[in-house]
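Below is one structure; the comments refer to it alone.
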Amino acid sequence: MIVDWAVGEETTSRILAELPYPRPDVVDVRGVYPPSVDSALLCRHVVGELVGAPPNHSVVELCAGSGIASIYAALAGAVVCAVDDRRDAVRAIAMNAAANDVVVDSVQADVRTWSPPEPVDLLVANPPYVPAPHDTFDGHAWDAGPDGRAVLDVIVDRAAGILGAEGVLLLVFSDIAGVAEVVDRLTMNGLSGSVVDEARLEFGPVTRERAGWLAEKGLIEPGQTDERIVVVRAVRSAAR
């Protein structure tokens, strides 16, 4: 359902075509989130962070899905670990890394408890962020509780303990999940964050289907048909 979205596919292709590497080959694995606009925006900034970075920059991608951001990081010369809690996603990451002739360490783990052996230079995530009713069970790759921040909040709370002293956090999500709330939570965790990129798009299939419920909850305006996908970049407040 989530891949049937022509506007999103066109925007994804356009963003990835602007990057200095060929678009990676990515297999379509059932139950694994395929690259979309949010993925492409994240990849744009992963590459931007790594251009000119020292060799062997360490990168961790949480909620990695297909691992496309990890593949771009590896193409840029980073040492990369991709983490997802789904076995199918970890399998897809390994297949995609091999198909693109890069090395990505794929790990099946829960982002609520997993930690890297050493602090990392760049932590990135395209987590589930679509607000969902409590009785929704079929969207593990995108559903994120009533406010859309069930996973975002966990990553924000844990980021400072994963990043090195000058490490950078990149998050991509919809403004429906609350940009101000995420930035404020970063501040409470000793990180300074701001929006560095965005794309306004018509709702994809999942959000469009839930528009009535989202409006009832006050998360969107009645009749609203589009959303802002944002990239937030954060560093330690002292390193700003």
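Placed from the backbone N, Cα and C atoms, the Cβ positions cover glycine too.
Unlike curated entries, TrEMBL annotations are predicted automatically.
Per TrEMBL, the features are:
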DOMAIN    55-182  domain 'Methyltransferase small'
Secondary structure tally of the domain 'Methyltransferase small' (55-182) (DSSP, helix then strand then coil): 39 helix, 35 strand, 54 coil
Per-residue pLDDT averaged over the domain 'Methyltransferase small' (55-182), given as an integer: 92
